[in-house]
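What follows is a single structure, written as structure tokens, with notes after it.
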Amino acid sequence: MHTLTLTRPDDWHLHLRDGEALAAVAAYSAREFARAIVMPNLKPPVTTVVQAAAYRERILAALPPGGPAFEPLMTLYLTDNTPPAEIDRVAESGFVHALKLYPAGATTNSDAGVTSLSGCLPTLTRMAELGVPLLVHGEVTDPQIDVFDREAVFIDTVLQPLLAELPTLRVVMEHITTRQAAEFVLAAPDNIAATVTPQHMLMNRNALFTGGLRPHHYCLPVLKREEHRAAIARAVTSGSTRFFLGTDSAPHARHAKEAACGCAGIFSAHAALPLYAEAFEDAGALDRLEAFASFNGPDFYRLPRNTGTVTLKREEWTVPASLPYGNDTLVPLRAGETLRWQLAG
């Protein structure tokens, strides 16, 4: 197969940052995707519909003039103090589509995250009543729990009790990384879904250490053993409608990654579709890429599927060693390496 044409896809988990960083990266996503669920973990975080409206305008202003149409789908950052009334405003807004749960301290800019779900129960109950999805960074932050086990422990100790309390809450497990998460979603009712990144389909934790410490392969949740990567790939390419594309593309300046205490996050927006195509091709499931990239997400979010198309061609190209990022540079996933697929045109 030399070309592959897909209904124009969406990215259901994206970090666009703000200011100069936003201006540097927005066009990459707009080139490949019609829409994206935009993460709210700015400094300060986006916690209200009013703040989300202002951020949405900044995103639209950062898109290159004359470029492809791109719709940012906004989210709010759930805090211990998010009132149920804000959920009503979300449901009425037409442009805020979900709330994001960051356990406090779990990832980049998560200090304002939730310290106890029990304190959020009235707000979560209102979300369940109105059908507003909760997007979950599914890791516990207890320092006694091994970093490689934090997703599995989260499912057992946080997510399952929450769903026992609120069984109709619509939940997206973001960037799943473990066999346990894949099995949980496959066995769960239709109100539970998951996004999957290209790196968690393509790489295991060896990629962090091959030839030395590889900071540009460090993200959270961290890459796992090969058995988990393989389980994720099997689930995603199985034909289940409960898994959909979410890059978690997360730009950081090169100096912030190559540091004594480097930031977590992998930038993949420059080549997201080629990376996913490689993963699906490796699994012998290219015929299932379109549903994962273009159908399952809008169906879960109760949004119309896109009508345009994008075409990939199977032609090798070399990923640049770095990309401009304001006054700095960033190192993209597969920097300096060869990819098999690229966007046509």
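Residue 1 is the first one shown; counting continues down the chain.
Cβ atoms here come from the backbone N, Cα and C positions, even for glycine.
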Which of these, H97, H137, does Swiss-Prot list as part of the substrate site with H15, L16, R17, N41, L220, H252, A264?
H137
Can you tell me the CA-to-CA distance separating H252 (substrate binding site) and K100 (Zn(2+) 1 binding site), as a whole number of Å?
21
Within the same chain, and leaving aside H13, H15, K100, D248, name every residue whose CB is within 8 angstroms of the centroid of the CB atoms belonging to the recorded Zn(2+) 1 site, in sequence order.
L14, I37, M39, N41, L135, E174, H175, T195, G246, A250
From recorded positions H13, H15, K100, D248, the one whose Cα lies nearest H137 (substrate binding site):
K100
Whole number in angstrom, please: the longest C-alpha to C-alpha distance across H15, L16, R17, N41, H137, L220, H252, A264 for substrate.
19
